[in-house]
Amino acid sequence: MSYEKKSVEGAYIDDSTTFEAFHLDSRLLQAIKNIGFQYPTLIQSHAIPLALQQKRDIIAKAATGSGKTLAYLIPVIETILEYKKTIDNGEENGTLGIILVPTRELAQQVYNVLEKLVLYCSKDIRTLNISSDMSDSVLSTLLMDQPEIIVGTPGKLLDLLQTKINSISLNELKFLVVDEVDLVLTFGYQDDLNKIGEYLPLKKNLQTFLMSATLNDDIQALKQKFCRSPAILKFNDEEINKNQNKLLQYYVKVSEFDKFLLCYVIFKLNLIKGKTLIFVNNIDRGYRLKLVMEQFGIKSCILNSELPVNSRQHIVDQFNKNVYQLLIATDDTEYIKEEDDEIEEGHNTENQEEKSLEGEPENDKKPSKKKKVQVKKDKEYGVSRGVDFKNVACVLNFDLPTTAKSYVHRVGRTARGGKTGTAISFVVPLKEFGKHKPSMLQTAKKDERILSRIIKQQSKLGLELQPYKFDQKQVEAFRYRMEDGFRAVTQVAIREARVKELKQELLASEKLKRHFEENPKELQSLRHDKELHPARVQQHLKRVPDYLLPESARGNGTKVKFVPFHNAKKRHSHKKGRVSKPKNGKVDPLKNFK
């Protein structure tokens with residue numbers, strides 16, 4: 001569940017009660033006020049009393065932006081504060097709460113909210129994000145302090161429990177939280193959770209929270225293992241989504257090359273107002289799109305699993321602060337299990353084909369003997385689900401996802417908390433697939449089939465995907481410029497861009513980390529949307545002449561100027577002055593005297 005200040009609006013607020021009615025610790029109440037909340041949301045007003053007063057386990061299903069994070073953090077913090085009052089100050093209690101999330105990005109996000117809530121009680125409640133980017137020696141030192149609350153991914157926690165015995169004391173554990181539980185299972189953490197259960201004091205009074213935007217049958221196994229007569233909270237979000245989440249969904253049937261052409265026209269002419277999140281299906285596609293956009297002077301930044309964790313978090317933070325208007329995110333997560341209820345039984349073999357497609361190379365060419373960029377990807381990276389992207393006006397599926405469920409996760413980054421948003425998806429018809437090899441993506445072969453499933457899925461929710469209408473003649477006028485710019489972005493240029501970007505981000509992430517901690521203001525000057533320039537940039541492509549613009553957008557004609565290939569001033573400067581300097585450097589002053 002993502003956290004967003006003042007993003008939860010009317011439909012989710014329960015103004016019939018206040019946080020004071022829960023009889024919380026004064027320090028916790030003050031922290032909640034500092035964050036900016038006066039009334040709890042519906043899920044908070046139901047879950048907090050059940051957890052605090054009745055000590056019930058909680059299984060909750062609620063939409064993104066409904067306040068699930070505070071629904072479990074507040075009871076955890078309040079109970080630990082009460083427990084601290086009953087023990088001696090010098091008594092070691094070990095870890096009291098564990099919060100498990102599917103990705104590193106979500107772990108950092110939850111940890112940031114946790115830090116704000118324990119602002120006035122940090123002496124009593126120490127926190128640690130074990131999935132953050134730190135060395136093993138530093139992590140071991142921090143674990144020696146026995147933090148009361150630990151946030152991390154199941155894989156990282158299991159690794160610590162197995163390899164660093166006694167580094168985490170779970171004898172007095174009181175809380176286990178699994179956030180975005182369906183995604184945790186989808187990422188293949190089922191076995192990790194079972195193994196973690198062997199280290200937990202399940203026979204004691206361990207209180208469990210299982211939180212998610214969707215609940216399915218796979219959660220039953222976790223329910224039986226970790227929960228005791230849980231309270232199951234399900235909120236009917238269909239009416240809320242219809243009335244409040246005004247998400248406009250469009251699709252465009254377009255050829256592979258025309259994806260780049262449409263992107264150029266849309267962003268160069270500012271047809272989308274506000275911040276845009278673009279999803280691509282692999283890392284190379286992200287860099288190709290960025291480099292093509294650079295040809296036309298369109299700035300963007302990249303977010304993918306190769307970048308260091310610190311850089312990824314900084315990119316998300318700056319995007320939320322409106323430093324960037326265009327973010328290209330790689331969503332190359334391989335789902336372990338397909339969970340689309342809408343898919344017919346007869347298409348099971350197709351699902352297997354689609355999953356295998358995600359791992360196939362972009363082209364059908366034989367592997368090159370040339371040395372390729374070999375960078376270790378972060379298995380705990382995830383961007384299409386849970387990450388807190390604020391005020392996203394549009395989600396553009398440059399590459400259509402390989403499952404209908406993944407589509408829901410992507411478009412869920414916009415139209416959150418009752419705000420409006422737009423989702424546009426590029427779909428490659430089967431007859432157009434493979435016609436333009438340089439821009440081809442293997443997963444596009446299944447686009448039409450996936451689109452039909454998405455339409456069917458959304459129709460069950462009362463939502464509709466409409467074809468995106470635009471003037472084809474106006475777009476065709478830009479085609480020759482796109483062909484010119486696209487030709488300059490070669491595979492070699494993409495490889496060089498990836499290497500250059502990694503070097504820049506590693507430098508900023510590792511060597512400057514301590515410097516930026518001491519000088520936080522200088523961190524603001526670190527930008528991630530700088531031009532990479534590994535391709536030949538043609539400056540004349542960065543401006544759009546008036547004759548290409550629609551009549552309504554044209555000026556009075558005085559702004560249109562010819563852009564020469566050579567600098568006229570430099571060419572004529574040699575003609576000025578008839579007297580040239582002799583080779584020996586000596587000049588007769590009398591001959592030049594006037």
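Just so it is clear, glycine is given a Cβ too, placed from its N, Cα and C backbone atoms.
In the three-state DSSP scheme, G65 (ATP binding site) falls into the coil class. The feature ATP binding site is assigned by Swiss-Prot to A62, A63, T64, G65, S66, G67, K68, T69, with sequence analysis given as support.
Residues annotated as compositional bias 'Basic and acidic residues' in Swiss-Prot: 345-366 (among others).
Residues or ranges marked as compositional bias 'Basic residues' by Swiss-Prot: 567-584.
Feature annotation from Swiss-Prot assigns compositional bias 'Basic and acidic residues' to 585-594 (among others).
Feature annotation from Swiss-Prot assigns domain 'Helicase ATP-binding' to 49-233; the stated evidence is sequence analysis.
Marked as domain 'Helicase C-terminal' by Swiss-Prot on the basis of sequence analysis: 246-476. The domain 'Helicase C-terminal' (246-476) scores a mean pLDDT of 80 in the predicted structure.
The feature region 'Disordered' is assigned by Swiss-Prot to 339-377 (among others).
According to Swiss-Prot, the region 'Disordered' annotation covers 558-594 (among others).
Under the heading motif 'Q motif', Swiss-Prot lists 17-45. Per DSSP, the motif 'Q motif' (17-45) is made up of 18 helix, 1 strand, 10 coil.
Nonlocal intrachain contacts for the motif 'DEAD box' (179-182), taken as residues 6+ away from its ends with a CB within less than 8 angstroms of a stretch CB, comprise 1, 68-69, 72, 99-102, 106, 110, 209-216, 218-219, 222, 339, 385-386. Residues or ranges marked as motif 'DEAD box' by Swiss-Prot: 179-182.
Within 10 Å of the C-beta of S66 (ATP binding site) we count 25 further C-beta atoms, all protein chains included. Long-range Cβ contacts of the motif 'Q motif' (17-45) within its own chain (Cβ-Cβ under 8 Å, at least 6 residues beyond either end) map to 5-6, 8, 52, 60, 62, 66-68, 70-71, 74, 77-78, 81-82, 116-121, 233, 235.
The DSSP breakdown of the motif 'DEAD box' (179-182), given as helix, strand and coil counts, is 2 helix, 1 strand, 1 coil. In the structure as shown, the Cβ atom of T69 (ATP binding site) sits within 10 Å of 24 other Cβ atoms. For the binding-site residues listed here (A62, A63), the lowest count of other CB atoms within 10 A around the CB belongs to A63. In the structure as shown, the Cβ atom of T64 (ATP binding site) sits within 10 Å of 22 other Cβ atoms.
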